[in-house]
Amino acid sequence: MCPPSRGAPVRGQEDRQNQARTPGARPSKPRAEAGRPAGTTAARLLALQRTAGNAAVARAVAEERHRHNANCGHAPEQEAPSVQRSAVHQVLRGAGQPLDTPLRTEMEARLGADFGDVRLHTDAVAQRSAEEIGARAYTSGSHVVVGRDGLDKHTLAHELTHVVQQRQGPVDGHDHGGGLKVSDPGDRFEREAEENARRVMSGAPPALSEAAGTAGAQGLQRAVDTGAPRVQRVPETAEAAAPGFRQTKPTAEEDRDVTLRMLDRMSRIALDTIRATNGQFVDKKKNPVRSVKKITPHLAVSLEQDGYLAIAGNTGDKKVTENDKKVVEAELARFVNGSDEVARAEDAQRSRAGRDRTKVRALVEGSYLGEHSGAGGLVAVKRAMEGGKVRWYAVGGASAPNTSQHGEMTVLGQHVAKWLSNPRAKDEAPEKVMMGGVKLACACCEWAFQAVNEHIGRATGYEVVAAGAHGQFFPGWLMPEWMREHEAVVNAVREKAEANGKELTEQWVIEGEMSTERVTHDPDDSASEWEER
């Protein structure tokens, strides 16, 4: 949630246009959703929220849950039919999902409460319900409903504070008439939730033993039945930046997707970590057992549909080893627990590697998410890091001499398998799948991306997006086995190769003269700058 000075009734908050209005000014009129008449459920709920406050929405939810009959003593209100069709009610009747164990353990330790009964709602219906009431996320009882932009850890701490508040009893409010109790914009519950979130998220995660002890002490808390459920929401325009980092230079409009940039950073950090540990793996005579020439020149990093980070290097003579895997996972864990080494020298901080590390640290801490409105892809990357959800492919991958299957082709195969088993509806816009990497795509990988998007992605409703391509050709590019099963893709890649004077051989290798022109292999850097407070 935003600072309480921007709050709206019943823990809700006004949109950004109303934040600076003078006392007594009329709230701005809620905009109608595109293609939706003003009299529909969404518009009515928004109008109800703006004029009477979120308590009115909460009241409507409660009244919809009540089944009217001849003995109830009152008749349904005129708006009841439209309220009953709201996705909010459907979500609150649903079971939801418990917090992931690592996340629950951390938040219980930070807030000193048991969140075993908390249920997250993150599906399409939940996202639609949040949109209906203009929320990025909202809470009712033990239900935390997440909108399409996801939920960063700072905002989650704020919402979980409201869960605790509602367990303890009704919230303050003034009589708005008609039996409604409407909260004041700056009431103590909003101030408490925001201040508590900032306080508990300002330090490193508590030890797990502390979490277990504290959660056990609070386990007897029970929700109090206070009538209408409180629908506490974070508006879609809320700035939820936690206080540890700040952006000193904004992102440029021409910068590529924010999630793709973060995946690129993670791939560079991972490869830098592998290179930095080279020579530490020694034999009994203390001689390095691995030459720097044997390190993979590239790592691809992407998000899979189940929330795992997929990482793959090239196969062949230069490949990822088990030791590489271990040191990278250990380094990612250091970002999560706050023990990663940070170069304090000014020149180091200004280097690309220094900026990469600062932004990843800001992501884990929460500030980066707040600046980017809790982008769903960033939330997924953050959750994967916090949960240790990393899946490696082609570790120790072998291939014929002078050939290599590039890392992004290995990861792309995992995506394609999911696309084919879970195609999207034909009327849905294609889902963009971000493929991060240390380097831009080579000529062959670019041809493969184009062919897969055209002949598989278009039919299944997906599109792979990389940072770009440098266009240089490297001989020995090995077509992966999964790709060979798709004739249209094979033919498209072959045609591209032949048009550029190259050949796809019977061994599924593209051969030809290596490009000699000078090109930039690295993706463009982001224009934004971040620093620790």
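All residue numbers here begin at 1 and follow the chain in the order shown.
Glycine is treated like the rest: Cβ placed from N, Cα and C.
Over in TrEMBL, the protein carries these features:
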type: COMPBIAS; residues: 172-198; note: compositional bias 'Basic and acidic residues'
type: COMPBIAS; residues: 515-524; note: compositional bias 'Basic and acidic residues'
type: DOMAIN; residues: 98-169; note: domain 'eCIS core'
type: REGION; residues: 1-42; note: region 'Disordered'
type: REGION; residues: 168-221; note: region 'Disordered'
type: REGION; residues: 513-533; note: region 'Disordered'
What are the DSSP helix, strand and coil residue counts for the region 'Disordered' (513-533)? 0 helix, 4 strand, 17 coil
Across the domain 'eCIS core' (98-169), the model's average pLDDT, rounded to a whole number, is 84
Secondary structure composition of the domain 'eCIS core' (98-169) [DSSP: H/G/I, E/B, coil]: 36 helix, 14 strand, 22 coil
